[in-house]
Amino acid sequence: MPLSRRSLGFGLLALQIILIIFLSQTRRAQAQHCIWYGECSNSTILPEKKYNCNYTGPPKPLPKDGQGLLQELCPGLVYGNQSVCCDTQQLKTLHSNIQLPLQYLSRCPACFFNFMTLFCELTCSPHQSQFLNATEFSSDPVDNRTNVVKLSYYISNMFANAMYNACKDVEAPSSNVKALSLLCGRDASQCNPTNWIQYMFDIKNGQVPFAIDPVFEDDPVSGMTPMGNHTFDCTEPLDDGSGPCSCQDCSKACGPKPVPPPTPPPWTILGLDAMNIIMWSSYMAFLFVFITALLGAWCCRKRTITSEYGPIQDSNQPHSLNDSVKLSSQVTCCESLRENFANALHYVFSLWGSFCVRQPLLVIMLSMVLVAACSTGLMHMRVTTNPVDLWSAPHSEARQEKDYFDQHFGPFFRTEQLIITTPWTEWFKLVSTTGPDILFAPILNISLLQQVLDLQTDIENLEAEYKGQKVTLKDICVSPLAPYNNNCTILSVLNYFQNSHEVLNHTFADEFFIYADYHTHFLYCVSSPVALDDMGHFHDPCMGTFGGPVFPWLVLGGYEGTAYNNATALVITFPVNNYLNDTDKLGKVLAWEKEFISFMKNYSNPNLTISFSSERSIEDEIDRESNSDVGTIIISYVIMFVYVSMALGNIHSFRRLLVDSKISLGIAGILIVLSSVACSLGIYSYAGVPLTLIVIEVIPFLVLAVGVDNIFIMVQAVQRDERMQHEELHQQIGRVLGDVAPSMLLSSISETVAFFLGSLSHMPAVKTFSFFAALAILIDFLLQISCFVSLLGLDMKRQERNRLDILCCIKLPEGQQEKTEGLLFRFFKKVFAPFVLKEWVRPLVVALFVGMLSFSIAVTDKVEIGLDQRLSMPDDSYVLDYFGNLTEYLHTGPPVYFVVREGHDYRTSYGQNQVCGGVGCNNDSLVQQVYTASLMSDYSKISTTPSSWLDDYFDWVKPQSTCCRYYNATGAFCNASVVDPSCVRCRPMTPSGKQRPNGTEFMKFLPMFLSDNPNIKCGKGGHAAYSTAVVLKDNNTNVGATYFMSYHTILKTSSDFIDAIKIARELAYNISVSMGLENKTHFVFPYSVFYVFYEQYLSIAHDTALNLSMCLVAIFVVTTVLLGFELWSAVLVSLTIAMIVVNMFGVMWLWGISLNAISLVNLVMSCGISVEFCSHIVRAFSISTKSTRVERAEEALAHMGSSVFSGIMLTKFGGILILALSKSQIFQVFYFRMYLAIVLLGATHGLIFLPVLLSYAGPSVNKAKVMTTRSRFSGTERERLLND
């Protein structure tokens, strides 16, 4: 019994084994079963394509003529006798159908392998019956066969997810987007495994001839086993030796996402701004030390009289200055040297002044000849209005890079742009047949789109005239596919509808639903802008009529994320050709742009709100602004002229009003000032130096401030002077000139040297201003001490003869002349000077001004850098609306090009790997580093992966692709769309042929790539995207300069633009280092159109500090020399001017004035004007022979203060107030505000703080000067005046 049970058990086991083997063989036989084989009749959906023939037999051995193709397309099916469910023709069809995906996905071998697995299993798998189920058939009456017209394809979710994950990051370099954006029927961000495969198998995509219904299941269902073949991750190499995908095409291969460096935290102390704390603490410490010193000095004075030469002196006890013997013993060598130097200046100027008065006609005629000769140069005057020349130095890095780019790739195209919104507020719905209703913004209403299309068509049809020729948009526009497609590039949402009312009106509907209209087409195109078919009823394309895609972020504005249907603005851009050295072609462009601007200014539509700009708009508006402000400037100067003419006179009585007035002398003085400006402009015009608007607008103001001040000082010194006995007029004026000319020389030479040093700046605006200002001030000084002195002598003779001013032929009766002091002089002498120098006022003055200085230092680093471009426009400019809308609606930044200079070798694998971004390329290659930067766009300001001609060329030249072919007989290029058996592949389907081309082979096919227009068979043609990106040299045997284009993020503020150029340069330098090019001539640099304007801001803080420091050093050195090497006086002058400049930064922060070239010019100018406020006071103090510092400061302030106040402060104040009425925002901000601050700060520091500072810490009295003064006026009336 046990034996039989045992035998029975063995029998059952054997039976089970036999059954398992039988079932396995049966299942295997069932698995070796096809659903189709071969091609039958033409598809009713796509007549140019065929259905597959229904066949349910076993797989058939593939004919030999198809085995090579099977090896190429589906190497996983090559085994045994190669029995498959497809014939050679089906493989050829598959090869044709996968050309576009091959060109985009083969960058990542794993992605393309998985993709091909999906289609190889569908087309040829010997196991088709496991996962394919034919569900619908039709008969082929011609061949009496059955067509498969519909089937279900069972695909495992695991496979679908793996295929998607391997492909989701693959880039399409030519369009700066993900490849799935081109292959998924929607934006890559909305693509997923299921909708991607569904799109590829959808009969509406224009590529599938029969319906394929993908079913996603992981487990067997309905007797079907989902296809779940082995897949490769994008980080894995393939079995054929292909490497893993690059980081650019596989985010998992990149490792952790790059993290931008942390933003430096604000400098704080105890949670508060560090500079505020430091300056507040320093101010408190200063006040403590200052008050302590004052109290100590006060206590000391209670006990004893301090020495005149003590550190702080305010004693009213006079030091005996009449003891000549004692003084002579105390005179030092330095004091003697200073006095001798001063005497020499006095002597020279006295002789010169006497000569000018004695020989007025000679001096005046020579001056007029000089002025005429110099001013004649104005005939050669050129005014620079080109913004590039205004803001970028010819030898600056950005300018050289721009020139390099323009010379090698042509200048960046010109842009004509409209931003269109609507006052309509009613949103509307699209009633969807497949999902929830979709809201659309008012601007996308079809009625408005029709009106916008009419406007766009009108602009296309605009005609301008240039030299008798008609110019249209077609003559000047950018046509990337010319001469094969001459349509203009118009970046507009209407290009989704082929710029056609007919296409826009396409509607497919029944009485219940609208199935297709402009809404559905719009939604499809914004998701897939490169689609040639929207898979709708009308099969309308999305590609623009110019042959390129219209990306939604370029033509729509005012939406969030990718909700393009919520856009509140339309953006229409007309790119126009630019020309570097062809003035005739550029003239045509400018003529059309002028017509465009005129048309848009006159266009009116109540339903549309349009802002617009042309490439020439900014330059035109700057010109118009300058012309419109001429009236304001003239009124400003007229007010100053009238004041000067009236204020110079010292009227003693109403009877002598027309005798004592000096209107003619004032006018002559102003003409001298203007002549000096004309001479400066003329001399530099002779030298070919172009003028700028800043020079024309600022120089007269500056020279008037300097020149008028000197005029007042000279005239008022003569008016206050008493002629000595036996002294003639020419001797008196010569003596007075000897007294005041050294002070005029000090201020003028200080300013001249300071401005000449300022011309060392690299900023064109500052350099040009400094050149012109320095020469104008120097010429003004020379004319004043010569021509004006002669005119002053003639006027004094007229006055002494009682002849009327202007009407000098009329003479009044002789009468006694009363000489009285002027009202302003008496005010300064009797009221202002004594008050400012009171014992209790002086500490308050010091505390107030040091507090202002502390505040200004604390906020200096908070002054914004840059120039809001809106400020450069007039208040009524149409461009202001455009700038505002640009900031509000724009969704992309300007393009940025990473240029590799000529010299890099692209023909070697080593050189290629340093640049490219695909498989096998270096991890720190150019493309890879830019891609990595785009991953942290908030920091890098780079938004997209760069377009790479090199990577696209490698995809284009692959032997698997049909892109690269040539005619076998001639060797000429054969486009992929050409059907000709004589066209053969460029490279063989061999292991070496599949590698990248090197050497001569690289150069052999590159020109073909750059001339190939993209088409449905080959989307990688490089003509449209890269025809200007690669320079071929040496008869097409080598590659010269090339560029790789990306885009910046949206840049709205000056700081955004500054950060963008700074980080782009850092990135380019890192690329150069990784390529080993940092010390070579063919390094990498970034270029964008705005770099030439914003480069100055990278170093403007350094330039500002350098320019102002040089000015202060120049002022210090000149002051030291011309004061007879009085070092301490020079220190005090420089300190006060430095305080004025620092306080200017405080005003800039308070008033919202940014630091840029214009404000820097004004800051440099403030140094010059501050010299006028300070140097005269200091020199008057240094030559005073009063006994105490307070008395000397009071005398200096009384005598020079009124002249400085009336010469600069009052003269400028009225003129400055008029500038507030200017239409120009630049005038209002940078001239009115800054000029007002310069004058007020200069006046308060020069007339209040400086005298107080001198009363505390001024230089000691020059005892040699005292002795000389006493001896000079001994026995004269002057001796009594000096002793009073």
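Every residue gets a Cβ built from N, Cα and C, even glycine.
Taken together, the residues of the coiled coil (445-472) have an average pLDDT of 94. Annotation source TrEMBL lists coiled coil at 445-472.
Annotation source TrEMBL lists domain 'SSD' at 629-794.
Sequence annotations record features per position, and here TrEMBL assigns signal peptide to 1-31.
Marked as transmembrane segment by TrEMBL: 277-300 (among others).
The feature transmembrane segment is assigned by TrEMBL to 361-381 (among others). Tertiary neighbourhood of the transmembrane segment (361-381): same-chain residues 355, 675, 678-686, 688, 691, 779, 783, 786-787, 789-791, selected by CB-CB distance under 8 Å and a gap of 6+ residues from either end.
Among the features that TrEMBL reports, transmembrane segment is placed at 630-651 (among others).
Positions annotated as transmembrane segment by TrEMBL: 663-687 (among others). Here the transmembrane segment (663-687) has long-range neighbours at 370-371, 374-382, 641, 644-649, 695, 699-700, 703-704, 707-708, 711, 715, 771-773, 775-777, 779-780, 783-784, 787-788, 791-792, 795, 805-806, 808, meaning same-chain residues at least 6 beyond its ends whose C-beta is under 8 angstroms from one of its own.
Residues annotated as transmembrane segment in TrEMBL: 693-715 (among others).
Remote same-chain partners of the transmembrane segment (736-757), defined as residues 6 or more beyond its termini with a Cβ less than 8 Å from a stretch Cβ, comprise 342, 345-350, 352-353, 706, 709-710, 713-714, 717-718, 721, 770-771, 773-775, 777-778, 780-781, 784-785, 789, 1107, 1110-1115, 1117-1119, 1122-1123, 1164, 1167-1168, 1171-1172, 1175-1176, 1179-1180, 1200. What TrEMBL records for 736-757 (among others) is transmembrane segment.
Feature annotation from TrEMBL assigns transmembrane segment to 769-794 (among others). Cβ atoms under 8 Å from those of the transmembrane segment (769-794) belong to residues 349, 352-353, 356-357, 359-361, 363-364, 366-368, 371, 374, 665, 668-669, 672-673, 675-677, 679-681, 683-684, 689, 691-692, 694-695, 698-699, 702-703, 706-707, 710-711, 714-715, 718, 729-730, 733, 737, 741, 744-745, 748-749, 751-759, 761, 1161, 1164-1165, 1168 of the same chain, restricted to positions at least 6 beyond its ends.
Feature annotation from TrEMBL assigns transmembrane segment to 1105-1125 (among others). Beyond the transmembrane segment (1105-1125), the same-chain residues lying 6 or more positions past its ends with a Cβ under 8 Å from any Cβ of the stretch are 334, 337-342, 345, 742, 745-746, 749-750, 753-758, 760-761, 766, 1131, 1133-1134, 1137-1138, 1141, 1160, 1163-1164, 1167-1168, 1171, 1175, 1178-1179, 1182.
The transmembrane segment annotation in TrEMBL covers 1132-1151 (among others). Beyond the transmembrane segment (1132-1151), the same-chain residues lying 6 or more positions past its ends with a Cβ under 8 Å from any Cβ of the stretch are 849, 852-853, 855-857, 859-860, 862-863, 1108, 1112, 1115-1116, 1119, 1159, 1163, 1166-1167, 1170-1171, 1173-1175, 1178, 1229, 1233-1234, 1237-1238, 1241-1242, 1245-1246, 1249-1250, 1253-1254, 1257-1258.
Below 8 angstroms of C-beta separation, residues 391, 694, 698, 701-702, 705-706, 709, 743, 746-747, 750-751, 754-755, 758, 763-766, 769-770, 773, 777, 867, 1096, 1100, 1103-1104, 1107-1108, 1111-1112, 1115, 1119, 1133, 1136-1137, 1140-1141, 1144, 1148, 1204, 1207-1208, 1226, 1230-1231, 1234-1235, 1238-1239, 1241-1243, 1245-1247, 1250 of the same chain, each at least six residues beyond the ends of the transmembrane segment (1157-1175), sit close to that stretch. Annotation comment: TrEMBL describes 1157-1175 (among others) as transmembrane segment.
The transmembrane segment feature in TrEMBL is assigned to 1196-1222 (among others).
Distant neighbours of the transmembrane segment (1234-1257): 311-312, 314, 701, 832-833, 836-837, 841-842, 845-846, 849, 1132, 1135-1136, 1139-1140, 1143-1144, 1147-1148, 1151, 1153, 1159, 1162, 1165-1166, 1169-1170, 1172-1174, 1177-1178, 1181, 1189-1190, 1192-1194, 1196-1197, 1201, 1204-1205, 1208-1209, 1212-1213, 1216-1217, 1219; these residues of the same chain sit at least 6 beyond its ends, with a Cβ under 8 Å from one of its Cβ atoms. Under the heading transmembrane segment, TrEMBL lists 1234-1257 (among others).
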